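S.K.: After the structure tokens below, expect a handful of questions from me.
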Amino acid sequence: MARGGRGRHLGLALGLLLALLLAPPALRAKPTVRKERVVRPDSDLGERPAEDNQSFQYDHEAFLGKEDSKTFDQLTSEESKERLGKIVDRIDSDGDSFVTTEELKTWIKRVQKRYIYDNVAKVWKDYDRDKDDKISWEEYKQATYGYYLGNPTEFQDTSDHHTFKKMLPRDERRFKAADLDSDQTATREEFTAFLHPEEFEHMKEIVVLETLEDIDKNGDGFVDQDEYIADMFSHEESGPEPDWVLSEREQFNEFRDLNKDGKLDKDEIRHWILPEDYDHAQAEARHLVYESDKNKDEKLTKEEILDNWNMFVGSQATNYGEDLTKNHDEL
């Protein structure tokens, strides 16, 4: 498996798993995507090399939102710039004709929040079967695992690591953690915490535990260096490890394994995937300003943004650009 893109905010594979759960047996397959477990650890944004459009995926997702950034090549450069100009007007909250790092950070956080709540809204009706505006554990279990619960032989025989037998109690544990009033039903906010636990402080221990369970192949309750590397890279052909893998081994020894015992415990895993001193929106905002600020006054004019439009939106602004020209309250 090849290395994925730059590290970013912890993503969940729940949607993919649900798709696998609900798919006919012939269509089921093991997910092979490389896990991106941690936010991008760019401590010095100014030292990053120049990037071409192919390297801007992270910036596009942060600025536009993950779903909307998937739309490619449907606008000319002029159309993209026109839509970007309208977005800039929205970001410039004080109307002083400059976009500051703080305004960009606020915008990126709003984009992230909107993506999360839109995601919950899209799947809500699939689980709220009795239409009472709550989702009970039984509703979720039947919607997600009903086929397997009705076919226990097939369910018991699943031997893959991503077995549905293993996922059921894991989902139930996460659901209970999100269900703050312990009434076995989830409000929209509780269900949002269930689907996006990394966004909620009271769910972060679940994120750490699930990460440990995913990577700890020998079941000793720790993550050693080989397990750490295997989570992001596997040899498909014989030969030496790529340079980036050697770099990751150094990262493990120097920065992940804080007590230098050769393995990561839960506290070290939390420090790795949920660093308390790192604000990904702040870092991305700083990066966008640094790369676009021609006169180095630490703020951006609309002209400076449009001159570097490819970093902000490329040709991916279609749906989001259209939406932002309308009057919506959610952003």
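Using the three backbone atoms N, Cα and C, a Cβ is placed for every residue, glycine included.
Bear in mind that the values here come from a model prediction, so they are computed numbers and not experimental data.
According to TrEMBL, the protein carries these features:
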- 1-29: signal peptide (SIGNAL)
- 32-53: region 'Disordered' (REGION)
- 33-51: compositional bias 'Basic and acidic residues' (COMPBIAS)
- 79-114: domain 'EF-hand' (DOMAIN)
- 115-150: domain 'EF-hand' (DOMAIN)
- 166-201: domain 'EF-hand' (DOMAIN)
- 203-238: domain 'EF-hand' (DOMAIN)
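Explain the structural surroundings of these features, please.
M.R.: In terms of DSSP secondary structure, the domain 'EF-hand' (79-114) contains 27 helix, 2 strand, 7 coil.
Across the domain 'EF-hand' (166-201), DSSP assigns 25 helix, 2 strand, 9 coil.
Residue counts for the domain 'EF-hand' (203-238) under DSSP (helix as H, G, I; strand as E, B; rest coil) come to 19 helix, 2 strand, 15 coil.
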S.K.: Can you break down the domain 'EF-hand' (115-150) into helix, strand and coil residue counts using DSSP?
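M.R.: Its residues fall into 26 helix, 2 strand, 8 coil.
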S.K.: Restricting to the domain 'EF-hand' (203-238), what is the model's mean pLDDT?
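M.R.: Summarising the domain 'EF-hand' (203-238) by its mean pLDDT gives 92.
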